[in-house]
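Peer 1: As annotated in TrEMBL:
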{"type": "REGION", "residues": "1-30", "note": "region 'Disordered'"}
{"type": "COMPBIAS", "residues": "7-22", "note": "compositional bias 'Basic and acidic residues'"}
{"type": "DOMAIN", "residues": "119-249", "note": "domain 'Amino acid transporter transmembrane'"}
{"type": "TRANSMEM", "residues": "120-140", "note": "transmembrane segment"}
{"type": "TRANSMEM", "residues": "147-169", "note": "transmembrane segment"}
{"type": "TRANSMEM", "residues": "199-219", "note": "transmembrane segment"}
{"type": "TRANSMEM", "residues": "231-253", "note": "transmembrane segment"}
{"type": "TRANSMEM", "residues": "307-328", "note": "transmembrane segment"}
{"type": "TRANSMEM", "residues": "356-377", "note": "transmembrane segment"}
{"type": "TRANSMEM", "residues": "389-417", "note": "transmembrane segment"}
{"type": "TRANSMEM", "residues": "423-445", "note": "transmembrane segment"}
Amino acid sequence: MANMNSDSRHLGTSEVDHERDPGPMNIQFEPSDLRSKRPFCIEPTNIVNVNHVIQRVSDHASAMNKRIHYYSRLTTPADKALIAPDHVVPAPEECYVYSPLGSAYKLQSYTEGYGKNTSLVTIFMIWNTMMGTSILSIPWGIKQAGFTTGMCVIILMGLLTLYCCYRVVKSRTMMFSLDTTSWEYPDVCRHYFGSFGQWSSLLFSLVSLIGAMIVYWVLMSNFLFNTGKFIFSTVSVLYLIFLVTFKAVRLGFHLEFHWFIPTEFFVPEIRFQFPQLTGVLTLAFFIHNCIITLLKNNKKQENNVRDLCIAYMLVTLTYLYIGVLVFASFPSPPLSKDCIEQNFLDNFPSSDTLSFIARIFLLFQMMTVYPLLGYLARVQLLGHIFGDIYPSIFHVLILNLIIVGAGVIMACFYPNIGGIIRYSGAACGLAFVFIYPSLIYIISLHQEERLTWPK
C-alpha cells in the first residue's frame, strides 16, 4: 500500500495544463473492455492532441508500460492472473493510443454506453458481415434442392443457425463464478474442452477463413477474365438485389411444378441433392466465430438477442429474395433450370453491362477483403503456434504462399465455388456452428444439475 500513491500517478506528465476536451480527433473505446486494453510499450516521445499541446511520457510511465506489456505476453488475454491491478493503470481519461510514428492521441472520457453502436447499426453490421460470396451460389443451391424444398431448407437452416448462434452468445453468461467479459468463443471452448477445444475451434475457424479466401481467389480470377472481354463500363449486395430485380422484371417468371419427376426444362420440387444447399447455407449463415465481438459493442446489451434475431431474419429474406428471383426468372424454355451456374453471374454474357458492373464491384470488394482475411488467418494460426502474429518474414511468407497457392490450384483445377463453399461450410459448421454450442449448453446444464431427459 505504501507504493500505491506513487503507482497511481498519471502515466503522462504534462509540460502544460492538461486539456479536458481533445476536440474532434478523439478515440472512443468500450468501458467493459477497459481492463483488457493496456497501454502500448513505448519509449519517451511526444504525445500530440488536436490542440498541439506537447506532452512528454515520463521515464516512470515508460517503464510501467514495459512491465504491463511484458506480463500481458506471459499468458492468454482471458487469463486474469497477470493483469495489472487497477491502481497502476491510469484512469480512462488519462489513457492514450500511441502510433508507430511516435505521436499519440488522448482518449476521450466516456460515460456508460457512450461511443457504442445502436441496435440499428449492430443489426446491419451482422447482416453485412454474413452477406458474403455464398449469395452468388444460393440460386444454384435451390436448383439442386428443388424450388419448394430449397425455400424450406433456407428457412429451416436460418432458424437452426440462429439458435446455435444464440447459444454461442449465451455461453459466456453460464459461467457465474468467472469473469468472462473479455472472453471470445475459443476461450469458452478451452474452458469446457481444454486445449482440444481451443485448438479444434481454431482449426475450424481457419477452415472457414481459408475456404472463403479460396472462393475469393476463384471469383477474382473469373471476374478478371470476364472483365477483359468487355472494356466499356467500369459490391454491394444492394446492387445485386437491383440487378436481380431488374432482370426478373424483364424476363418474367418461368415456373412449372413437378414434385418428383423432372421435365425437359424444369427440375422437380423435391430433389435428393438438397444436402448440397445445406452446406452452402451453413457458411452463408456463419458468423458464430465473431458474434460475441460484434455484440459487445451494442449500446443496449439487453437487446442483443432481439437484434440478433432481426439480423438473421434480414439475411434469410435476402437469400430468399435473390435465390427465388434468379431461379424463377431463369428463361425456361429455351434453357433448362439445370443450366443455372454455381455463380449465377456466369449465366449472363460478358457483354451484359449490368452484370459486368456487378463483377467490377465484387472484384474490388474482394480485393480489399482478401488481405483482411489473410491477416485474420495469420493472427489466429501464427499467434496460437508461435505466440506472435509476426514471428518472422519467413513464417509470414510461407503462410501466404500456402494460402495463395491453394487458391491458384483450386482456380485452375476446381473453379466451382458452390462445391468449395459447401465443403468448407460443412466442415466448419460441423463443430463451430452445431456441435460446440450444443455440447457447451448440455455440459453447463449438467453442471448446474438442470439437465433432464425429454418427457
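Here the Cβ of each residue, glycine as well, is placed from N, Cα and C on the backbone.
Since the structure is predicted, the reported quantities are computational estimates derived from the model, not experimental observations.
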Peer 1: Where among 120-140, 199-219, 307-328, 356-377, 423-445 do we find the most Cβ pairs under 8 Å to the transmembrane segment (147-169)?
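Peer 2: That would be 307-328.
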Peer 1: Select the range from 120-140, 199-219, 423-445 that forms the most Cβ-Cβ pairs under 8 Å with the transmembrane segment (307-328).
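Peer 2: The stretch I would name here is 120-140.
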Peer 1: Could you give me the DSSP helix, strand and coil counts for the domain 'Amino acid transporter transmembrane' (119-249)?
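Peer 2: Across the domain 'Amino acid transporter transmembrane' (119-249), DSSP assigns the residues as follows: 111 helix, 0 strand, 20 coil.
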Peer 1: Should anything in the same chain at least six residues away from the transmembrane segment (423-445) have a Cβ under 8 Å from its Cβ atoms, list it; otherwise answer none.
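Peer 2: Beyond its ends, the transmembrane segment (423-445) has Cβ neighbours at 134, 160-161, 164-165, 167-168, 170-171, 174-175, 188-189, 192-193, 197, 200-201, 204-205, 207-208, 210-212, 214-215, 278-286, 288-289, 451.
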